[in-house]
Amino acid sequence: MSIPTIALVGRPNVGKSTVFNRLIGERISIVADFPGVTRDRIYSTGEWLGKEFRLIDTGGIEMTNEPLMDQVRFQAEIAMDEADIIIFLVSAQEGLTDADEEIGHMLHRTKKPVILAVNKTDNPEQRQEIYDFYALGHGEPYPVSGAHGTGFGDLLDEVMVQAPSDSSDTEEDTSIKFSFIGRPNVGKSSLVNSILKEERVIVSNIEGTTREAVDTKFTSQSGREFTMIDTAGIRKRGKVYEHTEKYSVLRAMSAIERSDIVCMVIDAETGIREQDKRVAGYAYDAGKGIVIVVNKWDAVDKSDNKFEEFTKDIRAEFQYLSFAPILFVSAKTGQRLNKLPELLEMIYDNRHRRVQSSVLNDVVSDAVAMNPTPTDKGRRLKIYYMTQVAVNPPTFVVFVNDVELMHFSYERFLENQLRNAFYFEGTPLKLIVRERK
Ligand code: GDP
Ligand code: GDP
């Protein structure tokens, strides 16, 4: 765990959403046009002085049928469970309230660092108000204004100072990190248990240094190391908020962020649902490798062309995941589960494939010869050069005469040509278009 997770906690209306947006800055515009999950803005990533962090807005997790104070309490609990650092937000405009004190008490129970931020400190006079908040017993209050965007530098400096440094950061972890993601009851925990039985391996649980998450490390029969990332409630059953949809989405997103490859589990008995698509969309958006795992295959009546039908349905519903292999398994009988580690190894290797620029540019020339570049108002797109700048996922920069001339469909075409020429099954590719005059 190298990237710290920060949670924003505070009673309603202190300005959590506003501050959330300030903290993640421009990142939001990158993800905002993606349907579903990311628009909920309960979980995102940001950067401060070149260091990445994850941010949770627990205020985004609503339990509509619960009394307000219970909701606030649950949100504080989620923060204490999920985050490495907590930003406790209060408001200079409304001053210290009972709800603030209640949250303050709860946060005294956690061993995690709590940083007190006083929002709505819009002008110097209001700075006098912040001293009242010392009474909460959470140290020095940091004045910020979500509305004006002031004070966040000092706040983030402090967050980074208090961010737990993880000793495991120093030695690089090259294990293949993967997780099972999916709706409740699709069989995620059954799959986890079945895999461990199947692999008959030495398992070591790694206790997160600061978080309660428990990941499982194992070595496959072929000798590769894997880390199975703890997902949605698998090991944390029995919390009140566990069954809220947003919480399960939050857990899923957190697992996705920490994985190289995401196994998206679909229940063969109940088929594809809207929630499956949202989670898959997030994994794709985050550039993760993806395997579509159809579980409970034992329970399906296979008289007709079930296999073909299911494959067709998945391809139709997840058109942007055409690169993702589909595996039909049963956690109950163990059917085909032994194929999963080798599939993950293959995808991991594909994600780390490096293609030489000379070879890459041969492919580009051939592509352009086959399908001429688009034109607009008499000007034609010129592709000068393509080069791979990163792996995991494979990322390419393509230099062109005018970025406006690069259409989405042509980008897709180039991506397909790369896929035809090199072996990238199971991973999204990133294409960055840059202008060179
Ligand atoms: P949340 O319920 O904690 O997520 O709070 P919101 O972010 O929705 O903000 C609640 C209200 O406070 C909104 O009307 C915001 O415009 C306002 N607000 C947020 N930040 C500031 C600030 O820094 N100064 C002032 N004056 N108002 C703010
Ligand atoms: P989770 O909520 O996604 O972790 O799902 P669970 O692993 O708790 O499984 C939910 C239910 O589906 C349980 O009753 C399991 O026994 C059942 N189940 C899980 N995998 C299979 C499978 O491969 N075949 C069948 N028939 N049932 C399964």
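Cβ coordinates are placed from backbone N, Cα and C, and glycine is handled just like the others.
Some features that TrEMBL has for this protein:
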{"type": "DOMAIN", "residues": "4-167", "note": "domain 'EngA-type G'"}
{"type": "BINDING", "residues": "10-17, 57-61, 119-122", "note": "GTP 1 binding site"}
{"type": "DOMAIN", "residues": "176-352", "note": "domain 'EngA-type G'"}
{"type": "BINDING", "residues": "182-189, 230-234, 295-298", "note": "GTP 2 binding site"}
Rounded Cα separation (Å) that holds between Gly10 (GTP 1 binding site) and Trp297 (GTP 2 binding site): 45
Contacting binding-site residues, sequence order - Asn13, Lys16, Thr58, Thr121, Lys188, Trp297 vs ligand 1, Cβ under 6 Å: Asn13, Lys16
Number of Cβ atoms other than its own within 10 Å, given for Thr121 (GTP 1 binding site): 26
Other CB atoms within 10 A, centred on Thr58 (GTP 1 binding site): 29
Binding-site residues clustered about Thr121 (GTP 1 binding site) [Cα within 10 Å; pool: Gly182, Asn185, Trp297]: none
Listed binding-site residues with Cβ under 6 Å from ligand 2, out of Lys16, Thr58, Asn185, Lys188, Trp297: Asn185, Lys188
Residue, out of the binding-site residues Lys16, Lys188, whose Cβ gathers the largest set of other Cβ atoms within 10 Å: Lys188
